[in-house]
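Q: Features from TrEMBL:
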type     : residues : note
DOMAIN   : 12-411   : domain 'Major facilitator superfamily (MFS) profile'
TRANSMEM : 12-38    : transmembrane segment
TRANSMEM : 50-73    : transmembrane segment
TRANSMEM : 80-99    : transmembrane segment
TRANSMEM : 105-129  : transmembrane segment
TRANSMEM : 141-166  : transmembrane segment
TRANSMEM : 172-191  : transmembrane segment
TRANSMEM : 231-250  : transmembrane segment
TRANSMEM : 270-286  : transmembrane segment
TRANSMEM : 298-316  : transmembrane segment
TRANSMEM : 322-345  : transmembrane segment
TRANSMEM : 352-374  : transmembrane segment
TRANSMEM : 386-404  : transmembrane segment
Amino acid sequence: MDKQESGGWYFGWNIVGAAAVLTLLTVGLRMGIGPFFLPMADGLGFSRSLLSGIVAVGMLCYGLAMPLAGYLVSTRGTRFVLLTGTAIVVASSLWTVFARGPIEFLLSFGVALSVGLAFTSPVALTPVISRWFTRQRGMALFFLSTGSMAGIALMTPTLTFAIAAVGWKETLLAFSVLFALLTVPVALFVMRDTAPEHTDLLPHQIIEGKSAAKPAAKGPAPNVRNALRTLPFWQVALGLFACGYSMNLLGTHGMPMLMDHGFDATTSSLGIGLIGLVAIFSTLVLGRMSDQVERRNILAAIYLVRGLGFFALVMVGAHWELYAAATIGGIVWAGSIALSSAILADVYGIRLVGVLYGLTYLGHQVGGMISSWLGGWAFDTFHTHWVAFGSAGVLLLLAAAISLRLPGRGLVRAPAAVSR
């Protein structure tokens with residue numbers, strides 16, 4: 001039984017916990033390029049613009065692999081995708097360490113590693129969690145987001161210290177070994193694509209659901225092609241574009257920006273890590289709110305405060321200002337991805353959430369690609385970080401306005417209502 005009689009433990013929470021740990025490592029490395037950036041550039045003899053371009057291609061490949069990962073999850077299962085991704089991560093890490101020259105580094109670190117991380121990212125884990133949860137779907141997906149935030153909080157300073165101690169190549173190899181040791185058992189023994197019939201619904205909710213059941217709405221069955229023709233899909237995608245633009249900019253150029261503004265490497269990494277640390281706890285509150293309050297309102301508030309935080313972060317000059325900005329930013333750093341995937345499930349149903357989430361996340365990574373390149377190019381060209389970080393703040397404010405126009409929960413559930 002999935003709900004144990006002694007204590008009533010629901011196995012779905014095991015899946016959420018394991019998925020959060022995997023996300024910690026995946027997002028921690030994907031968003032932890034900052035500690036690698038300057039050591040890689042110095043060690044390989046790359047300019048900031050060249051390495052930023054390689055990172056940007058990696059962000060795009062990460063996004064392009066997302067829909068493929070979502071499709072394979074729906075056709076081959078979560079276990080297959082996770083094991084495939086793990087094999088690619090290990091192989092590409094070895095290739096990266098021995099890469100010589102920009103082209104080989106681009107193919108190994110920029111392309112192959114990004115594809116492997118995409119196959120083990122939240123897009124591969126969101127469908128199975130959405131399948132196991134109905135009543136607490138928002139909270140479950142927010143718990144998944146805690147893995148992302150823990151990755152930023154723990155991996156950024158950890159990678160910084162490890163790189164300073166043993167070098168970036170040894171750190172990358174150690175990561176790949178740890179990643180494989182954790183991912184393989186989780187894929188084999190924890191992930192289950194088949195959920196109980198009534199998921200996490202309480203007995204009275206099951207009875208109420210049966211009594212309130214209505215005939216299926218007339219109209220075309222929802223599919224990916226129909227969803228792409230609807231406004232909510234593009235509203236979510238545009239919001240995630242701004243999210244990816246800002247998150248990857250901070251992950252790639254946050255530490256270099258703070259160091260250029262006079263902070264040392266340790267203080268810079270702790271400041272970035274503090275964002276993720278605060279976000280772990282704020283995620284728990286936002287997760288509970290997301291099942292009780294309109295998700296679009298929470299999403300808009302997250303984008304609004306995060307946008308203002310980007311303006312503040314590029315202006316800080318003292319340690320207390322950095323930590324204050326990081327704390328405020330951390331409160332709203334989590335949740336945009338979890339809320340977006342929950343909104344997609346509300347609007348289009350569980351069956352399509354994997355592929356649609358992958359497609360919208362592609363927009364997230366297109367934003368990340370642009371900002372990862374722009375951060376290096378703009379600094380080399382204009383010798384300021386305001387171009388990149390200021391544009392991130394503006395995009396987030398626009399995303400807040402767009403999110404307020406999303407449909408309310410349940411308003412676009414019927415297939416007929418999904419077509420414009």
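Heads up, the Cβ atoms here are built off N, Cα and C, so glycines get one too.
Source: prediction; values computed, not measured.
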Q: What stretch of 12-38, 50-73, 270-286, 322-345, 386-404 shows the most Cβ pairs under 8 Å to the transmembrane segment (352-374)?
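A: Result: 50-73.
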Q: Does the chain bring the transmembrane segment (298-316) near the transmembrane segment (231-250), so that three or more CB pairs sit under 8 Å (pairs 6 or more apart in sequence)?
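A: When sequence-distant Cβ pairs are counted, the transmembrane segment (231-250) touches the transmembrane segment (298-316), since at least 3 lie under 8 Å.
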Q: Is the transmembrane segment (386-404) in contact with the transmembrane segment (105-129), using three or more Cβ pairs under 8 angstroms as the rule and ignoring pairs under 6 apart in sequence?
A: no
Q: Report yes or no: does the transmembrane segment (270-286) come within contact of the transmembrane segment (141-166), defined as 3 or more CB pairs under 8 Å with a sequence separation of 6 or more?
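A: Stretch pair touches.
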Q: With Cβ-Cβ distances below 8 Å as the criterion, list the same-chain residues six or more beyond the ends of the transmembrane segment (80-99) that contact it, or say none.
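A: Residues 22, 69, 72-73, 105, 107-109, 112-113, 115-120, 124, 169, 172-173, 175-177, 179-180, 183-184, 186-188, 191.
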Q: Given a Cβ distance threshold of under 8 angstroms, which distant residues of the chain, six or more beyond its ends, lie next to the transmembrane segment (386-404)?
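A: 235, 238-239, 241-243, 245-246, 249-250, 253, 257, 296-297, 299-304, 306-308, 310-311, 313-314, 367, 371, 374-375, 378-379.
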Q: Under 8 angstroms, Cβ to Cβ: which one of 12-38, 50-73, 141-166 has the largest number of such pairs with the transmembrane segment (172-191)?
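A: The listed stretch sharing the most Cβ pairs with the transmembrane segment (172-191) is 12-38.
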Q: I'm a bit unsure how to read this: which one of 12-38, 50-73, 141-166, 231-250 has the highest number of Cβ pairs shorter than 8 Å with the transmembrane segment (322-345)?
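A: Against the transmembrane segment (322-345), the leading stretch is 141-166.
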Q: Residue list, the transmembrane segment (50-73) vs rest of chain: Cβ under 8 Å, 6 or more residues beyond ends.
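A: Contacts of the transmembrane segment (50-73) (Cβ under 8 Å, skipping residues fewer than 6 from its ends): 30, 33, 37, 40-41, 44, 80-81, 84-85, 102, 105-106, 109-111, 113-115, 117-119, 121, 123-124, 127-128, 244, 248, 252-253, 354-359, 361-366, 368-370, 372-377.
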